[in-house]
Amino acid sequence: MTSFLGFGREHVAWNYEKSGNPVYLHIVQRRKPEPDDEADRPLKKPTLLAIGVEGGFTDQELEYDEAFEIVILPEFTSLPFPSIDLPEKVRIAVDKVILAESADRKQQLASWVADKKKVSAHAMDLKQLDNGVIVPPTGWKCSKCDKTENLWLNLTDGMILCGRRLWDGSGGNNHAIEHYEQTKYPLAVKLGTITADLEAADVFSYPEDDSVEDPLLAQHLSHFGIDFSSLQKTEMTTAERELDHNTNYDWNRIQESGKDAELLYGPGYTGLVNLGNSYFEKQSLKAAFAIAPADPTLDLNMQMTKLAHGMLSGKHSVPNQEGQEGIRPRMFKTVIAAKHPEFSSMRQQDALDFFLHLIDQVDQANTGNHELNPFTGFKFIIEERLQCPSGKVSYNKRSDYILSLNIPLHEATNKEQLEAFHEKKAAMDLDGKEVSNEEIVRPRVPLEACLASFSGAEEVPEFYSTALNSKTTAIKTAGFKTFPDYLVLQMRKFVMEAGWVPKKLDVYVDVPDIIDISHMRSKGIQPGEELLPEGASGDNKAEPVHPVASEDIVSQLASMGFNYLHCQKAAISTSNTGVEEAMNWLLSHMDDPDINDPISKDSQAAEQTVDETSVQTLVSFGFQEDVARKALAASGGNIERATDWIFSHPEASSSVPTDSSTSNMEDDDAHIPDGSGRYKLMAFVSHMGTSTHCGHYVAHVLKDGRWVIFNDSKVAASVDLPKDMGYLYFFQRI
């Protein structure tokens, strides 16, 4: 009664021993039975990217009856409450505890909702042409093809054009975005989503590459004679289409929906209740509590141990009406997300980003104490070899916790079936028919091909060779200096198409139960090899002190109609990384007040444009600060694109010469495990949806010789293992 800390019956004595506080309020909750009409009511299909709010995914909260009593330790003497015989001080304290918002309730108040659409920067002063265009209320068709669905009205010139083509050939023919690229008219509204409720209309900004809000939409529509009050909704918005995709094929297969699965209970089979964004064998729960600070709710090690105990003890894995209630790790989420602007929200984040953030936080909480850090077994060292045309080489080392792999679609093993499917689909499109999910053929790529794409030779353009005193193209190969106890593979399913259009690869990866990557071990410097002189591998001390734009990048951008000076600035600000990176920077900085100023001779000009908050966010993901700055500069300041850029440019994270990096690494190398390169698949995480920012994650784990599905609070024996649909794969060394 002197704090707001709560304990179960078996743990409250620990707090008494530690604090000496003898008086506790005992709260007993008994679940209320659900009314029969609630159980029979069909579930509504979600229409909003949200959990626990109207129109979103259901997050049914259970209701309880509560009773209270005062308990005095150590004898556990009980006194009734309420009671007039209790001292006023105790009655006041009890009332404050009962009225206080629990960690559980505080999290509920922050229900996960997709970001509210921002007002477009182009909406308030949008130019509309007086070209006499009047849009009819029905009968719309693309101005450049025969498409009559997925049509977008450009709000500047009134052109009606079809939307983007999807991965399977459905959707539009890209005419709307092509029109933007030619005209730079920024805003379009999706016809079929316009109703009297204009806030629900789907408005897209091409320069901002996002769905936006247009406060003047009524005015912009009336310019083309559109009476929105009489229009009926006939098409899904972009968000609704995303939800529809989420509940389609991937959703059912990965969750093993419709399968008659055996529900599992007991130690190690505890489910987690979905919170929206969704170990310690060497430390007992009591030991963790004993060494925790005064407020254990704020201690990461305490909350990690508590979560592990809850999942592994089996005490919360017992049958109930829905299968099992599982546990709600809200306190753990609060602690792990406290220092992170994204994970502290209820928005969904990428599982890989969270895994890396978790590793970083646990590492900080156990600095120098590798015995208590469970992620030590995940760490490994990659050695990269770069050879320039002079024949001289350099070796760089970097440590990591995951191996990120490209998926080479050209290595698909079912090319004949794919060709036949595309021919069939083209014929059905001509007949106006749609291919069912069961008929879709997806590429099948062996995991071996993904691993080979990592270790194979790769060209590194714009490499500065200190042997040649000039930039050249080097050849890079990479291998493992050490093999971890637990190997985590990330399949790069989220990629950027031309024009920075995000896309998720719809592909199967054939992953065997046993892999042997012994051949991927690096050999280090070989007899007869000559190292590049100091300053290689990106130090570039001999380069000019002022920035110079790549003429190739500038000329390609200028040929697209961009201002020549702007093109030079874009190339310099993205370190001459490439045309796509420069274009992305250019589109993000067109409205900069200094865009027309002469180019500064300060070689740090590019770094000054990088937002410090974004730098620290990437650093919190585990990336080096200099790499984070370079990636943000190359990606227009966008964190998601910068993360993708880092994974696409592994040479950037190894830009420190071996001589200068090994001294720091060797101090910390002793604890990094090493051993055989043979591994057994032990778990994988799958993602449903077309973006990391929405959808759903499900885990499958090999336990006690059989595969088990962990889908929120549902824990069951796997019936049809979707092993080929994983996003993260976890292997254990044999």
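Heads up, the Cβ atoms here are built off N, Cα and C, so glycines get one too.
Whatever TrEMBL says is automated annotation, not expert-curated.
Some features that TrEMBL has for this protein:
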type	residues	note
DOMAIN	118-228	domain 'UBP-type'
BINDING	Cys142, Cys145, Cys162, His175	Zn(2+) binding site
DOMAIN	270-734	domain 'USP'
DOMAIN	548-589	domain 'UBA'
DOMAIN	609-649	domain 'UBA'
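Of all the Cβ atoms in the protein chains shown, 22 others lie within 10 Å of the Cβ of His175 (Zn(2+) binding site). Neighbour density for Cys162 (Zn(2+) binding site): within 10 A of its CB lie 25 other CB atoms from the protein chains shown. What surrounds the Zn(2+) site, by Cβ distance within 8 Å of the Cβ centroid and not counting Cys142, Cys145, Cys162, His175, is the set Ser143, Lys144, Asp146, Lys147, Leu151, Leu161, Gly172, Asn173, Ala176 from the same chain. Taken together, the residues in the domain 'UBA' (609-649) have a mean pLDDT of 70 on the 0 to 100 scale.
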